[in-house]
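Undergrad: Here's a structure for you.
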């Protein structure tokens with residue numbers, strides 16, 4: 001029989017029919033020893049790595065980056081998974097590594113399925129009792145009954161779901177009624193479990209939303225602080241611009257004066273005999289030198305406001321902005337032109353003060369009335385004041401010499417007055433009167449010397465209410481008359497007798513000879529004319545008999561009378577649709593001007609002394625240390641002012657609020673002790 005081995009000793013590829021020879025035990029042990037890892041190859045590989053590392057980090061080439069690299073390599077080699085992979089690699093011979101054939105999909109699967117130990121170590125510990133699959137199931141909507149029935153029919157005809165056969169086998173041994181109950185129990189248990197998962201998800205969403213709200217509130221506070229800083233910088237820049245304008249005007253005046261004092265050129269004089277004859281008829285040159293040149297009546301320009309200040313609109317409602325100790329006695333009237341603008345206050349201490357709401361300081365005083373001012377109005381830079389001396393005075397605040405930043409209050413005063421008294425003026429005209437004395441400091445007397453315009457004198461008793469719009473001003477007096485004034489000509493153009501109008505209304509409404517009053521009897525302690533407002537030819541007037549009369553100034557007749565108040569009307573204001581009135585009967589009434597009926601009404605515990613509204617809120621002073629605020633949008637009543645949070649029985653901690661004014665959510669209130677408070681409403 002031919003040998004089954006080739007000449008080179010390799011087994012023949014042909015199949016042999018002879019039995020295989022028995023392998024001796026020595027050769028079997030030798031083959032097993034060949035399967036063990038070859039340590040000599042590993043030792044040689046280790047020596048090569050050691051030599052390479054020694055050449056790289058020798059004493060002559062040691063660097064920080066090499067040490068960092070070796071440190072990172074040492075940390076990587078200490079990982080258990082890397083050590084296991086090295087040991088598994090050591091157990092295989094190079095032949096097996098070379099001969100091993102790994103498919104491309106298997107390599108991709110290993111690359112995608114391998115997760116590093118760092119990533120596994122960073123997995124957060126979760127105490128959630130529900131799995132991810134349960135959370136996914138909870139997000140699925142509940143199927144209607146019809147879909148379930150269709151699904152059952154389809155599953156019965158088609159391929160059953162995984163686990164469906166086991167459930168059917170389990171329920172098949174039970175009676176039909178028990179099967180139905182068991183399936184119903186299983187379904188309800190599953191729904192109950194899903195409800196628990198959904199509740200947990202809702203709680204997690206609530207916590208997440210709370211965290212977002214907290215972060216948003218923090219961001220809002222940061223942006224609000226940045227907005228406040230921008231508005232302060234904007235105001236400072238506007239004041240700097242005003243100072244530069246004043247310096248330019250001063251320099252221009254100096255240049256004009258220098259040009260006027262310079263000797264004229266000979267060529268510039270006319271040489272005609274006619275001009276010489278005319279010049280001889282005039283005064284000599286020495287007379288002209290004695291006459292002082294006419295000073296230019298140059299008023300102070302108003303501060304430029306590139307944009308309206310909106311900080312108060314983003315503050316929390318009821319936030320205190322500032323407080324000014326304005327007067328020594330009760331506030332009788334006040335008004336301001338715009339938020340952070342100019343405020344004018346009047347008091348029983350017979351003073352009228354002008355305030356810069358942005359800086360919180362007194363600009364000056366309006367002097368001229370012989371008695372206390374009972375009413376006033378501010379419209380842009382024009383101020384109208386009505387006094388107990390039966391006169392009405394108008395003022396133009398744009399003529400005031402006021403520089404809020406550098407205290408240069410009078411540019412036309414002497415140098416000694418401006419320089420020597422600078423510190424004294426700064427102390428007198430300082431901020432918020434932080435001294436211990438109760439008396440407010442008097443501002444410089446020359447600051448308002450060009451402010452008065454003219455005086456209206458026609459009433460014979462004290463002025464209790466005024467209002468002007470455009471060129472028309474209407475005043476109400478204790479002499480029981482209303483007077484219409486033309487501000488262009490400065491004279492009275494019409495007188496309206498309130499008593500005559502009341503008598504005419506009584507005679508018209510009385511069908512028989514018996515007298516029936518249209519309102520209540522007059523209150524002797526209240527003002528006969530409590531409040532008025534004019535717009536074009538329409539005039540609204542509230543009097544002490546509780547009546548609100550709507551006049552037509554073109555005919556001088558009462559167009560409509562609104563009956564409802566049982567006490568003197570103390571405040572009123574109207575817009576395009578509604579008229580709001582406040583009365584001593586403790587009520588606030590909102591009237592519909594189209595129908596003359598009451599649209600809404602509410603009352604307080606004390607008489608209403610002052611009231612005003614803007615686009616959203618109605619604010620009132622009702623004999624308390626807080627301002628009563630009514631939100632027209634949601635119908636909510638709330639309090640704003642110094643008395644918020646104080647005990648109801650403690651009325652001595654804060655003074656009673658007498659007057660309120662509001663514009664665009666910027667609230668100013670005046671108290672009985674002379675203090676003025678500014679709030680965000």
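Every residue, even glycine, has its Cβ placed from backbone N, Cα and C.
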Undergrad: For the record in Swiss-Prot, which of the ranges 211-263, 317-369, 476-528 is the coiled coil one?
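TA: In Swiss-Prot, the coiled coil feature sits at 211-263.
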Undergrad: From the DSSP assignment alone, can you count helix, strand and coil residues within the repeat 'WD 2' (369-405)?
TA: 3 helix, 19 strand, 15 coil
Undergrad: Count the residues of the repeat 'WD 3' (458-497) that DSSP assigns to helix (H, G, I), to strand (E, B) and to coil, and report the three numbers in that order.
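TA: Here the numbers are 0 helix, 26 strand, 14 coil.
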Undergrad: With pairs closer than 6 in sequence left out, are the repeat 'WD 2' (369-405) and the repeat 'WD 3' (458-497) joined by 3 or more CB pairs under 8 Å?
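TA: Contact between the repeat 'WD 3' (458-497) and the repeat 'WD 2' (369-405): present.
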Undergrad: Grab the pLDDT values for the repeat 'WD 6' (605-640) and give me their mean, rounded.
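TA: The average pLDDT of the model in the repeat 'WD 6' (605-640) works out to 94.
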Undergrad: Go ahead and report the DSSP secondary structure tallies for the repeat 'WD 6' (605-640): helix first, then strand, then coil.
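TA: Helix, strand and coil residues of the repeat 'WD 6' (605-640) number 0 helix, 19 strand, 17 coil.
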